[in-house]
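**Q** Here's a structure for you.
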Amino acid sequence: MSDYKHTLNLPETDFPMRGMLPKREPGRVSQWQDMNLYQRLRDARAGREVFVLHDGPPYANGSIHIGHAVNKILKDIVVKSKSLAGYDAPYVPGWDCHGLPIEHKVETTHGKHLEADEARGLCREYAGAQIEGQKTDFVRLGVVGDWENPYRTMDFANEAGEIRALAKMVEGGYVFKGLKPVNWCFDCGSALAEAEVEYADKKSDAIDVAFAAAEPEALASAFGLASLDKPAAIVIWTTTPWTIPANQALNVHPDFTYALVDTGELLLVLAEELVESCLTRYGLEGDVVATAAGASLEFITFRHPFYERVAPVYLADYVTVEEGSTGIVHSAPSYGLDDFMTCREHGMSFDDMLNPVQGNGVYRDDLPLFGGQMIWKANPHIVDTLREVNALMAHTPITHSYMHCWRHKTPVIYRATAQWFVGMDREDDQGRTLRQRALDGVEATQFIPAWGKARLHSMIANRPDWCISRQRNWGVPIPFFMHKQTGEWHPRTVELMEDVARRVEAEGIDAWFRLDARELLGDEADQYDKVTDTLDVWFDSGTTHRHVMRGSHPMGHDQGPRADLYLEGSDQHRGWFHSSLLTGCAIDGHAPYKALLTHGFTVDEKGRKMSKSMGNVIAPQQVMDKLGADILRLWVASTDYSGEMAVSDEILKRTADVYRRIRNTSRFLLANLNGFAPERDAVAFEDMLALDQWVVDRAAQLQARIQGAYAEYRFRDVYQQVHDFCAHELGGFYLDVIKDRQYTTQADSRSRRSCQTALYHVVEALVRWVAPILSFTAEEIYEVIPGTRGDSVLLEEYYPHLATLEANAAMGREFWSRVLTVKQAVNKCLEDARNAKVVRNSLAAEVTLYADDSLRETLTQLGEELRFVLLTSEVHLASLEDAGSAQAEASELEGLKVAVVSSPHAKCERCWHHRADVGTHAADPNLCGRCLSNLPEGPGETRRYA
């Protein structure tokens with residue numbers, strides 16, 4: 001038997017079958033850095049329409065987790081897809097650098113007794129080191145951005161910009177002084193920063209207190225009962241009896257289940273999970289008569305145990321069901337931050353908040369029962385009073401870890417004190433409030449997914465004033481001078497703030513803390529107090545639309561500070577989206593963004609949150625080291641980001657399987673471009689074979705859909721379209737059909753060059769489609785495509801050379817759609833024949849298609865070449881009426897029956913078709929006549945269609 005391998009055009013490529021991504025990707029990152037890809041992109045798109053995705057800054061503390069990876073990959077896909085569409089799409093990554101977590105890290109390492117300026121220096125140093133670590137991982141993910149020039153909220157220019165933004169809001173009349181609970185030391189007589197608080201053991205009275213139902217009918221209804229047959233009460237647990245006189249609400253978790261427990265003489269409301277432990281503590285027995293979700297208890301009122309007032313139930317996410325508690329929290333808003341925020345969110349004004357504890361720890365004299373008593377000494381009196389009114393369910397002295405002043409080693413409480421706020425309902429000079437402007441901003445914003453609009457609208461509509469001050473050391477200062485007698489701002493406050501901003505721009509925030517007031521106020525200095533508060537870190541990031549986009553990193557956007565897109569996790573409706581909206585509306589009168597895209601949180605394959613204790617944490621660093629960043633990127637693109645995003649080792653393994661399909665398809669395309677030079681060998685669309693025209697037309701249609709999907713941030717659709725194209729239209733049809741023509745026709749024949757031209761157009765388009773997602777692999781593919789290449793696929797735009805079929809083409813879209821349907825039906829019949837051992841494979845088969853007139857007319861157009869489409873050695877067409885006398889099977893296609901028989905002819909050793917003329921040619925009895933003509937010295941085969 002002769003070896004005909006050398007006469008075939010077998011596939012050959014340098015593109016490897018195995019990705020070996022963990023090994024190859026770091027080299028690609030280095031290549032991008034060496035070529036300064038980000039700047040090359042800026043230069044290539046200069047003068048084009050600008051698209052700005054403004055980066056919400058992650059906190060500069062700790063290693064990145066899978067949520068960070070999801071966020072940065074989604075942003076990178078957006079930016080790269082916009083660049084692919086021809087936009088100038090800058091991406092400036094940022095970091096949030098101030099705040100308590102970094103202060104704590106520095107204190108843990110260096111101790112709490114640092115001088116303030118030394119502590120700030122160490123915080124700055126720590127944040128810088130954390131940024132470098134996170135940046136390394138983000139770059140390794142394949143995220144392209146201005147990594148050499150990111151924005152950092154601790155950069156002097158941004159710290160100064162923040163002060164200028166605050167000045168604008170002061171000028172607009174939005175900033176005022178109000179109340180908020182802070183750490184308070186009676187011995188210091190002042191508020192304490194978190195850094196000035198330490199924890200030590202303290203003996204306390206743990207008490208369970210019953211609040212009698214004031215609305216038994218409403219309580220019965222909440223539990224699905226017609227009425228209550230005995231008195232009812234809700235039970236709270238606390239270790240601070242001294243706060244009971246200031247109680248104003250009761251908090252339950254909206255998602256917890258609460259039980260109504262019959263103890264004989266009294267019905268008790270307790271968290272269902274804690275019923276058994278609570279009854280044991282009370283020395284009672286009881287039965288659960290009904291249950292209800294916490295949300296159904298909202299606004300039902302209960303009577304204060306010893307004062308003539310009621311406390312409503314509010315919903316609060318911070319409520320827990322830890323052992324020893326009841327699942328209900330008593331709320332004294334002046335003495336707990338969570339209590340304060342919950343009551344403010346439910347509309348309680350500052351004036352309505354009870355604040356009977358004075359700065360020295362003594363109740364005001366006008367407090368009934370306990371006026372004039374020091375709170376620690378009042379505790380046993382309060383316990384006795386609760387016992388006397390039959391409201392004390394349990395009393396247990398405990399020793400627990402509690403806040404103490406680091407100077408005096410004495411207990412500290414939360415106490416409402418004066419803080420700085422941004423007012424939501426103060427009218428500006430146009431008679432509009434910030435709340436109204438912000439709600440208008442919500443309405444003017446596009447939300448992806450759409451449900452985000454209602455969520456943010458509700459938050460803005462119901463939120464309290466924004467407390468922007470913190471008693472922190474590591475933060476941007478609130479540079480106010482307040483008159484000692486009147487409490488009023490200095491009349492030149494805005495002017496003075498600009499002076500401070502210039503100093504901060506040169507020296508950083510230390511410029512304010514070191515400042516002697518006389519430098520700015522002269523002889524007036526003695527009349528004014530210098531404010532030492534710092535700004536909430538949400539104000540830091542919430543004003544980046546101003547001090548980054550219009551300050552440190554101007555992005556050339558035609559609409560100033562209004563970004564095209566903010567993209568963050570769903571928690572940012574309450575966070576960055578929220579603070580940015582408020583500052584944007586206060587400063588510029590509109591939202592700082594046109595659209596908000598929200599993604600869900602990552603969970604495991606069972607929908608559980610990730611935690612080290614459960615062992616279900618997926619670390620992006622480990623995924624990159626084991627599978628490669630492109631697998632992580634493909635998983636992100638393939639997942640519906642609008643909800644929870646499930647990830648696990650098994651899910652990533654399935655993602656890797658899809659990746660291999662795309663990679664192998666690309667490899668087949670490249671391998672069959674062996675010997676093809678597009679400048680020399682490309683065939684004009686009108687001269688291509690009909691099947692090749694069809695696949696180019698399909699690619700053109702697909703590209704239009706992919707462009708639309710990218711434009712609308714439907715990355716999962718892009719993934720599905722590409723995967724389906726590779727798996728079905730290419731892998732399941734076109735690539736199978738063209739193998740015979742590609743391998744067996746003469747190397748330079750029109751038939752082969754037509755096919756190669758189609759493959760070339762398809763791979764040129766495909767590599768661009770996947771580049772925003774599979775950036776590493778796309779570069780690898782791009783480098784191997786024949787023809788003139790640029791330096792990076794990421795510098796390219798959508799492939800412009802995909803021709804389309806005429807609407808009235810004889811072999812147009814409808815024609816090939818019918819042919820494809822026939823092929824699928826015939827494939828099923830061939831599979832049945834193989835299973836029945838009628839034939840070994842499709843090329844060993846001859847088929848007769850009994851088709852109705854319409855179908856037969858379609859198939860007749862392909863003539864002799866129909867067998868190449870069906871991958872059989874022979875095809876006969878007959879009328880459907882003739883099927884009755886033949887052993888034909890009904891196919892899955894109406895109007896078609898198929899008869900499959902084993903070919904009686906010998907197999908050609910070169911093309912493997914079974915043909916009647918094999919053995920009849922003296923020149924080579926092992927070959928069919930077609931293969932003889934396709935040998936290099938032969939005249940060549942002519943194909944017209946397939």
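Cβ atoms here come from the backbone N, Cα and C positions, even for glycine.
Got these off Swiss-Prot a minute ago, pasting:
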{"type": "MOTIF", "residues": "58-68", "note": "motif ''HIGH' region'"}
{"type": "BINDING", "residues": "Glu568", "note": "L-isoleucyl-5'-AMP binding site"}
{"type": "MOTIF", "residues": "609-613", "note": "motif ''KMSKS' region'"}
{"type": "BINDING", "residues": "Lys612", "note": "ATP binding site"}
{"type": "BINDING", "residues": "Cys908, Cys911, Cys928, Cys931", "note": "Zn(2+) binding site"}
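A description of the local structural setting of each listed feature is requested, covering burial, neighbours and distances.
**A** Note on the motif ''HIGH' region' (58-68): mean pLDDT across this stretch is 95.
For Glu568 (L-isoleucyl-5'-AMP binding site), the Cβ neighbour count at a 10 Å cut-off comes to 20, with all displayed protein chains included. Under the three-state DSSP scheme, Glu568 (L-isoleucyl-5'-AMP binding site) falls in the strand class.
Note: the motif ''KMSKS' region' (609-613) comprises 0 helix, 1 strand, 4 coil (DSSP; helix = H, G, I, strand = E, B).
On its own chain, Cys931 (Zn(2+) binding site) has Tyr4, Thr744, Cys908, Arg910, Cys911 as residues at least 6 apart in sequence with a Cβ closer than 8 Å to its own Cβ.
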**Q** Residue list, the motif ''HIGH' region' (58-68) vs rest of chain: Cβ under 8 Å, 6 or more residues beyond ends.
**A** 95-97, 99, 101-102, 105, 127-128, 130-131, 133-134, 137-138, 152, 569, 601-602, 610, 617-621, 647
**Q** In the structure shown, which of the binding-site residues Cys908, Cys911, Cys928 has the fewest other Cβ atoms within 10 Å?
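**A** Per-residue Cβ counts within 10 Å for the binding-site residues Cys908, Cys911, Cys928 bottom out at Cys911.
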**Q** I want the residues beyond Cys908, Cys911, Cys928, Cys931 whose C-beta is within 8 angstroms of the mean position of the Zn(2+) site's C-beta atoms, in chain order.
**A** Thr744, Glu909, Arg910, Trp912, His913, Arg915, Val918, Leu927, Gly929, Arg930, Leu932
**Q** Let me know how many other Cβ atoms fall within 10 Å of the Cβ of Lys612 (ATP binding site).
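**A** The answer is 7.
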**Q** For Cys911 (Zn(2+) binding site), which DSSP three-state class applies?
**A** coil
**Q** Sort the residues of the motif ''HIGH' region' (58-68) into helix, strand and coil with DSSP and give the three counts.
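**A** The composition, in the requested order, is 3 helix, 1 strand, 7 coil.
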**Q** Please report the DSSP secondary structure of Cys928 (Zn(2+) binding site), reduced to three states.
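**A** Assignment for Cys928 (Zn(2+) binding site) reads coil.
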